[in-house]
Amino acid sequence: VPGIENLPCELQRNFQLMRELDQRTEDKKAEIDSLAAEYIESVKNMLPEERVNHLRKIQTAYSKCKEYSDDKVQLAMQTYEMVDKHIRRLDADLARFEADLKDKLEVSDFESPASRSLKKGRSQKDKRGSRSRGRRISEEDTPKKKKLKAGSEFADNILSVHPSDVLDMPVDPNEPTYCLCHQVSYGEMIGCDNPDCPIEWFHFACVDLTTKPKGKWFCPRCIQERKKKK
């Protein structure tokens, strides 16, 4: 990915600046403490004008301290956005790589005689979707269409991620959640065929599935609603 090789140097520079801002803030806090102690000790012997000037020094030191803190917060936000930009770019490249890999594996399966005989009875369109999740998933990668491409077991093994590995990863709070477990998208997922389903997408493990069922599939909630209507 272009530019990612410079990321370590940029992070090191930003962290160094944060440390410098921290040190400046600590120095100013020590100066404020000293001015405050001096004011308390000498306030009774000070003239009104001297009191005002001394309080102005304390106020100026406080303003400078706040300025350093605001700069540090701004720098931290810029650093986060810089890293997040590279992550989103890597996610997009990873998604393209996985799609290309699946296409190649499906083509190789289609060209083999054994796979051709297996695929004669398959429908070209399906309303299920299989999903694999890396470190993060961008908003463009979230399930939108109920479509499942039938690939080989080898492709599924390469592109799938174990749920426990995904749940241990730090997750972007803005990433949408799915399923009965209210977790982010990962591994194999299946879409409910009820167009009004409020959840729509479910992890295989959460609905006791190991393979894609034949025909239409409805989630447990929609099944209960259909029974109530009957």
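Any Cβ shown, glycine's included, is placed from N, Cα and C.
Keep in mind that this is a model prediction, so the values were computed, not measured.
Record features, source TrEMBL:
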- 112-149: region 'Disordered' (REGION)
- 176-225: domain 'PHD-type' (DOMAIN)
- TYR178: site 'Histone H3K4me3 binding' (SITE)
- CYS179, CYS181, HIS203, CYS206: Zn(2+) 1 binding site (BINDING)
- MET189: site 'Histone H3K4me3 binding' (SITE)
- CYS192, CYS197, CYS219, CYS222: Zn(2+) 2 binding site (BINDING)
- ASP193: site 'Histone H3K4me3 binding' (SITE)
- TRP201: site 'Histone H3K4me3 binding' (SITE)
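Counting other Cβ atoms within 10 Å of each Cβ, the binding-site residues CYS181, CYS197, CYS206, CYS219, CYS222 show the lowest value at CYS181. For CYS197 (Zn(2+) 2 binding site), the nearest of the recorded positions by C-alpha distance turns out to be TYR178; the candidates were TYR178, CYS181, MET189, HIS203. Listed in sequence order, MET189, ILE199, TRP201, PHE202, HIS203, CYS206, VAL207 are the same-chain residues at least 6 apart in sequence whose CB falls under 8 Å from the CB of CYS179 (Zn(2+) 1 binding site). Of the chain residues outside the Zn(2+) 1 site list CYS179, CYS181, HIS203, CYS206, TYR178, LEU180, HIS182, GLN183, PHE202, ALA205, VAL207 have their Cβ within 8 Å of the site's Cβ mean position. Between the CA atoms of CYS181 (Zn(2+) 1 binding site) and CYS219 (Zn(2+) 2 binding site) there is a gap of 13 Å, rounded to the nearest whole number. Annotated pair CYS192 (Zn(2+) 2 binding site) and TYR178 (site 'Histone H3K4me3 binding'), C-alpha to C-alpha distance, rounded: 12 Å. Take the mean position of the Cβ atoms of CYS192, CYS197, CYS219, CYS222, the recorded Zn(2+) 2 site; other residues of that chain with a Cβ within 8 Å of it are ASP193, ASN194, ILE199, GLU200, PHE202, PHE218, PRO220, ARG221, ILE223.
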